[in-house]
């Protein structure tokens, strides 16, 4: 039976070609995703190892971040840097440096900020005796007007040693000279690293003496245990001593957790692609089995058991799975290399250049590819084994469709249950676990739709085919062929149903996000202009107080108020901690410029012991919280609840609270009177009759020297924020693209097998007068109807799910439901085009059949 299976695969290799391709694409995506995780993991581990080169580190206690409402960018509390001088005097210690870094903007040779793909610009102290870096050219910087640049940063900036440029720190530009170039043992993965004189950098990064870490280098031959004990004796309880290995492990664990989220996100789309591919596998084997019924009948007649026939089909699936998986693994290497090249082109060079296609990645990819192929072939193999030999010998097997009643009832029940769950999640705001209910309902609805699809196919195809009836007789023939094989039609379109449901839902959610953002901005922004760094830059840069004063002095400016963002730890009533953002405002004036959407209490009640909570924080009116930062802790009562209005954070507070606790990662003034003098955002209200465009232009001239700020009116603010939704949609389309490609391959595959299956039928149609163009047209009509059928079903489900999801996410700012009918219509038009293109190869095969030979085919 093994020889029979091998011979059958060789004989019918053409039938399985696209099936192998579907497996190849799915495994390529899977192995590429796993390998990319390895590339990024190795990159960041090498980066951590090459930058953490001291023997010992003194750090603060680690954050117990059991909840996160914002990206803190910190792993541990800051520590007092004062003990560094005492530690340096201990016998066996070669050097001890208190170190912190800060973010900023480097201006390149072209006068524009130096940027890369999401990586930050870091200004760090360069200690001459630090073994971690190596000077390549020039010298270490000295004083506040000199900097050195890491090699990749120097190359990207277009600058050279001796050039003058600008460095923007905390919104304030400074003219500096590049005096040196340094490097590490590995690439910095796109980060722009600027080195500065330690006294200058530390004066800005740690004005209060609180630093990120104390780096300690030991002398050769030092008694490590004795030195560690002496250092420990100098440290307060709030500090801890770590070895280099412990520090590296902690940093790597943090990076791995982030990469784990990214991999999980990508694997969702990998699973989808494999799921979609399984429909092609199942459909291919089902049609192949139907065409080879006489072959299986002969095997049964000469003594083969049903189990042997079942095993023969599964063995063929194993061969296809292994071949497709092996090619897919090779494709995964190519895909990963391509992604590495793309990342490098966007300024994120990765060290080594190799792709870690480890044995575990290869084994996992092959096993999953093989399992998907075998599972997809199980039902067709069962049908082949259970078909009576005499019936198969007569050629009647498969000629008559089995009753769809049972399938229709099961599908209808699943759809009803799923629809009930989706509607409940959509309409019942008080329903607990709405997201879970929606997910379960969506799953049941999708499964029910796939089960019930053959029942729906006949009637739906009849309706969709109405315009094609004008193309007599090909339109009517196409509709009848599809209606005669509803299971095949449903299986062919199933992958497209799932793909289009997700694409249409994503399109609607993105459109709804843009509409919601526009509505939030229009409803909330009472000021005429907002001055801030672009949201797309990811920076929370404070506007220099001098610029704030200049803006206030402009003709046409009536008044201004700002907000300052800081990163703090909030201890909740249940003792859980939240690492997130706190927004400092003037509570008596803020609502005149911006409506925070207060749902309980009053913003005017904020003082040094009362805060307002974002609704998403889960806090309630009257809750007691502790707000902690590097300079102190404040106990406060929640006296107001406000909607996020598109902002990310936990609390609103007064400048007194912000100054008292400080900020873990974002610079903020220690004097309450100065907190809002350098805000991250400045609302500007103009005099009646003032020319908004003229004032906006003058403000733009004022902030231009800082390079990172812009003045926006409500419309521009809405458009800029909406760009993020477009980016998300682009990523969604890219990730769903593979699933849609596999779905189209399914249509091509089915049509090719259908042409082979209907060889005699096509020959007879040609014999009674149907021309070549009409045969090709009939196949194209079948392809178009199948594509449109899948698109319509998927699109309808996508609209329903998007509407329910919008309702569930209303509390998080998704307040408007916007259905982009034009984009959905374009999708339908694209489906028609895809149907035509998918039919080209099968149509060519059909029209090239010799008529007499086709008629003689059994």
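Cβ from N, Cα, C; glycine included.
The feature domain 'MacB-like periplasmic core' is assigned by TrEMBL to 17-233 (among others).
Secondary structure by DSSP for the domain 'ABC3 transporter permease C-terminal' (268-384): 99 helix, 0 strand, 18 coil. Annotation source TrEMBL lists domain 'ABC3 transporter permease C-terminal' at 268-384 (among others).
Annotation source TrEMBL lists domain 'MacB-like periplasmic core' at 489-701 (among others).
Residue counts for the domain 'ABC3 transporter permease C-terminal' (735-850) under DSSP (helix as H, G, I; strand as E, B; rest coil) come to 98 helix, 0 strand, 18 coil. Among the features that TrEMBL reports, domain 'ABC3 transporter permease C-terminal' is placed at 735-850 (among others).
Same-chain residues lying 6 or more positions outside the transmembrane segment (265-286) and placing a CB less than 8 Å from one of its CB atoms are 15-16, 18-19, 22-23, 25-26, 29-30, 33, 36, 313, 316-317, 320, 368-369, 372-373, 375-377, 379-381, 383, 487-488, 491-492, 494-495, 498-499, 502, 735-736, 738-739, 742-743, 745-746, 749-750, 753. Under the heading transmembrane segment, TrEMBL lists 265-286 (among others).
Residues annotated as transmembrane segment in TrEMBL: 307-340 (among others).
Sequence-distant contacts of the transmembrane segment (360-379) (same chain, six or more residues past either end, CB-CB distance under 8 Å): 19, 23, 26-27, 30-31, 34-35, 38, 274, 277-282, 285-286, 313-314, 316-318, 320-322, 324-326, 328-329, 332. Positions annotated as transmembrane segment by TrEMBL: 360-379 (among others).
If you look up TrEMBL, you'll see 404-426 (among others) marked as transmembrane segment.
According to TrEMBL, the transmembrane segment annotation covers 446-468 (among others). Remote same-chain partners of the transmembrane segment (446-468), defined as residues 6 or more beyond its termini with a Cβ less than 8 Å from a stretch Cβ, comprise 404, 407-408, 410-418, 474-476, 478-479, 482-483, 486-487, 489-490, 493-494, 497-498, 501, 781, 784-785, 788-789, 792-793, 797.
Annotation comment: TrEMBL describes 489-510 (among others) as transmembrane segment.
Feature annotation from TrEMBL assigns transmembrane segment to 731-756 (among others). Sequence-distant contacts of the transmembrane segment (731-756), counting only residues of its own chain at least 6 positions beyond either end whose CB sits under 8 Å from a CB of the stretch, comprise 14-15, 18-19, 21-22, 25-26, 29, 266, 269, 272-273, 276-277, 279-280, 283-284, 287-288, 291, 481, 488, 491-493, 495-496, 498-500, 502-503, 506, 510, 762, 779, 782-783, 786-787, 790, 834-835, 838-839, 841-842, 845-846.
Under the heading transmembrane segment, TrEMBL lists 787-809 (among others).
Annotation source TrEMBL lists transmembrane segment at 821-844 (among others). The list of residues near the transmembrane segment (821-844) in space but at least 6 beyond its ends in sequence, with Cβ under 8 angstroms from a Cβ of it, reads 496, 500, 503-504, 507, 511, 744, 747-748, 751-752, 754-755, 775-776, 779-780, 782-788, 790-792, 795, 799.
Within its own chain, the transmembrane segment (404-426) is flanked in space by residues 434-435, 437-438, 440-455, 486, 800-801, 803-804, 807-808, which lie at least six positions past its ends and keep a Cβ under 8 Å from the stretch.
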